[in-house]
Amino acid sequence: MAEEEGPPVELRQRKKPKSSEKEPAKEEEIDDIPIPERAPKYVLFQRFAKIFIGCLAAVTSGMMYALYLSAYHERKFWFSNRQELEREITFQGDSAIYYSYYKDMLKAPSFERGVYELTHNNKTVSLKTINAVQQMSLYPELIASVLYQATGSNEIIEPVYFYIGIVFGLQGIYVTALFVTSWLMSGTWLAGMLTVAWFIINRVDTTRIEYSIPLRENWALPYFACQVAALTGYLKSNLNTYGERFCYLLMSASTYTFMMMWEYSHYLLFLQAISLFLLDIFSLEQSDKVYEVYKIYIFSLFLGYLLQFENPALLVSPLLSLVAALMLAKCLQLNVKKGSFVAKIIKVINFYLVCTLTITLNIIMKMFVPHKENGHMLKFLEVKFGLNMTKNFTMNWLLCQESLQAPSQDFFLRLTQSSLLPFYILVLIICLLSMLQVIFRRINGKSLKETVTLEDGRIGERPEIIYHVIHTILLGSLAMVIEGLKYIWIPYVCMLAAFGVCSPELWMTLFKWLRLRTVHPILLALILSMAVPTIIGLSLWKEFFPRLMTELMELQEFYDPDTVELMTWIKRQAPVAAVFAGSPQLMGAIKLCTGWMVTSLPLYNDDDLLKRNENIYQIYSKRSAEDIYKILTSYKANYLIVEDAICNEVGTMRGCRVKDLLDIANGHMVCEEGDKLTYSKYGRFCHEVKINYSPYVNYFTRVYWNRSYFVYKINTVISFQS
């Protein structure tokens, strides 16, 4: 009997690997580990074709977007038909300062000399030597100037076209990275195409590239998008070793580059670190990967600290304190069995420990590291959230800026009209509820499946989904308070919404909750993941594509003859050593277009510059000629420029005009009930100085004027007239 039983058992063991039957839980393993018998050549070719077409679509989308921006910029400003001075005037505010230093680098006899002059700059702001590279994060301009000269582009293309071309190219990379992120999450490049469509249609809310090309965020955010794409791939559970290494290296490089390009980058990375910390709590399997990302943060912070002239802002940043606290908490964790009651208690203690350690470490660092950077930001936030009240001109002026206020109704209306907001809310709710469902399973001690199939309908178990849900909620919460942060949040709204409607797994999760039985849920999920984005794409094409084409066909013109005349007069008539005083925005344009020294700059990360701006703005207040003269001469100013647009400003928000804010700060206007009103015996200076009567003519002599600007020479010898 024993001899007869042996062969059948052995026969079954041999047949088992060749059996065509397979368990549902192992279906995805066949896709991940190709076996010659299981994956014929046509299957491999199909996968290769899918990847090739997806990559081609991603790169093409980025290139087309960059070309679109270039064409739109040309049409908007009629750029190629303008003289150099008229082109430079299109750079407004702080954008003018950044581009002016790019010009200075190209004029320098050598790169080393140019860097030295920027780090010891005393030719921009009177009576002040600044390290412009550190203070204004001029690394993009340094890189652009090196590339322009090293590649021999100076013989082919003008400097301004090379500069804006790099920025437009980075925007193309930005779009490509968003495409890839949505593709990685959904498994189909159709999601990437929908992401790009929503991004371009909602570009008023996704980017400021149309208005301020040299802004630091336009240089930095493409690298952050690459970092998010690499992080998304790195967090995927079914990633092979080579893919994991590639994602890790790309994430390391893009994190460091992002930190070097933008002075506020570490705040955005701080929000990302919080998202990863919460992911670590909710997803036990990803702890090792998450802590590898923390190591990247620490490396980037310290390398950035060294290469940014020992920038103390990085040492006292909340990012460093949080990562250090997370590392210390990990060392203190006990090796207990996952899912046990003790493990749950330790998770709660760990969360409390990390929060406490982060605050403590940050306070200690600020005690021992001298720093002044971004102190005004804390004061602004206190006033913004009603924790403090102030009559300070600078704080109230910042609060009146549109980008620092809460989003308007038009913002939500635009997103709804493009169908982005409704689908984003739908996708976010499904992913969030699925994630909470997974968390409750963990709390109840239920074990999770090692591999989640489409039929399971558990999209909330994927770590990359958990990360993106948490991250978009954090960014969205801040964007609801400060509208300017929408430029960081909305691109990922486009990506998340596109991923959701193109993901069969998301639809399957919804059908599992609805207990759909009339139609096969997997088949319906696959159909909807193709049909819904197709319908959305066709509707967007029909409604918005004609508008985009119309914008490219319309030839606009940037016409500002008064500013051109002013800059021309300064270059021809003013002495080379002259110092000009006026509004910070105009001073940025003067620095770029003429190269003359100014008293202030449109920068808000330095307390001394903020104080200068407030003092110079007093020319629009009710102060005496003698007071204004003393202020201007204290900064060695030789010429004063009064702008009619500010002096006669008629705004919809009466309390936000410059002259109103100055009157509030000086006590010449009642701001709140109970305030004491200080009557001024002087008229508004910008009005009185135009009349040319004593004592104003004793201190100031008008030397030039047009419809918009009045230029006064500040007298060095005062001859009082009766």
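Cβ coordinates come from backbone N, Cα and C, glycine included.
Whatever TrEMBL says is automated annotation, not expert-curated.
The compositional bias 'Basic and acidic residues' annotation in TrEMBL covers 18-27. According to TrEMBL, the region 'Disordered' annotation covers 1-31. Per TrEMBL, transmembrane segment is recorded for 51-72, 160-177, 183-201, 268-284, 315-336, 348-369, 421-440, 465-482, 488-510, 522-541.
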Counting Cβ pairs closer than 8 Å, which of 183-201, 315-336, 465-482, 488-510 has the most of them with the transmembrane segment (268-284)? 465-482
With contact taken as 3 or more Cβ pairs under 8 angstroms (pairs 6 or more apart in sequence), are the transmembrane segment (522-541) and the transmembrane segment (348-369) in contact? no
Candidates 183-201, 348-369, 421-440; stretch with most C-beta pairs under 8 Å toward the transmembrane segment (488-510): 183-201
Against which stretches of its own chain does the transmembrane segment (421-440) lie, if we need a Cβ under 8 Å and a gap of at least six residues from its ends? 282, 412, 415, 448, 458-461, 465-466, 468-469, 472-473, 493, 496-497, 499-501, 506, 509-510, 513, 536
